[in-house]
Amino acid sequence: MDGTRTSLDIEEYSDTEVQKNQVLTLEEWQDKWVNGKTAFHQEQGHQLLKKHLDTFLKGKSGLRVFFPLCGKAVEMKWFADRGHSVVGVEISELGIREFFTEQNLSYSEEPITEIPGTKVFKSSSGNISLYCCSIFDLPRTNIGKFDMIWDRGALVAINPGDRKCYADTMLSLLGKKFQYLLCVLSYDPTKHPGPPFYVPHAEIERLFGKICNIRCLEKVDAFEERHKSWGIDCLFEKLYLLTEK
């Protein structure tokens, strides 16, 4: 793929500890949905994924694709429309319902028996299942292994102190010959407390390097006018491909 870079080409910020104690609770994330504070949602889908999607899929059908912290990501329908099975997890029931409504998909809901008080929402077509629960409770549901993970807005949203647990959860869900597509953000963490949090290349190596080959495919300027309120003047997004060693 053109635009391929190694980590050596990518600017990193040295102060990686400044955000380590930042915490957002599940209730605070749910409040963001209730109050419409979801600027992280991309109505047109993620452009880097759109650019590389057919290359990643290689004409295959019937893949199992996992969306951690899925929100109402329109990319879930991209995969479903191509004949793949999509599973997502999201703490906000509102976000899940909005996905099905905005994509004009009928759905059913049922309790998750392994996690009392939670639900799974399933499209009538049967190829989209969205679990409304904590990502850390999900392994209790025995949802199986996945061929691909699309992680955009997930690792960068996880509290820094929970990253190791999160990464171990993701690795436990990966099947043979997996593709783990990971988007992270690069900005000066001394100027913005997050989320989204700054995730440097070294952190990706620490979390996934023992199991995965790690390759940065592309780096793009992601700075928008709204980011000025964060106190920053530049923001880059990096797309990584993690594969089985």
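Note that Cβ sites are derived from N, Cα and C of the backbone, with glycine treated the same way.
Per Swiss-Prot, phosphoserine is recorded for Ser14, and the stated evidence type is similarity to another entry. Positions annotated as S-adenosyl-L-methionine binding site by Swiss-Prot, on the basis of similarity to another entry: 29-40, Leu69, Glu90, 134-135, Arg152. Residues or ranges marked as substrate binding site by Swiss-Prot: Phe40. Feature annotation from Swiss-Prot assigns N6-acetyllysine to Lys58; the stated evidence is similarity to another entry.
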Item checked: The one of Lys32, Lys58 whose CB sees the fewest other CB atoms within 10 Å, among these recorded positions -> Lys58
Notebook entry, point to check: Within 10 angstroms of the C-beta of Ile135 (S-adenosyl-L-methionine binding site), what count of other C-beta atoms is obtained when all protein chains are considered?
Noted result: 22
Next item on the list: Measuring Cα to Cα, tell me the gap between Leu69 (S-adenosyl-L-methionine binding site) and the residue listed as 'N6-acetyllysine' in whole angstrom.
Entry: 25
Note to self: Under DSSP, is Lys32 (S-adenosyl-L-methionine binding site) part of a helix or a strand, or is it coil?
What the structure shows: helix
Note to self: In whole Å, how far does the CA atom of Lys32 (S-adenosyl-L-methionine binding site) lie from that of Lys58 (N6-acetyllysine)?
What the structure shows: 37
Notebook entry, point to check: Counting every protein chain present, what is the number of Cβ atoms, excluding its own, within 10 Å of the Cβ of Leu69 (S-adenosyl-L-methionine binding site)?
Noted result: 23
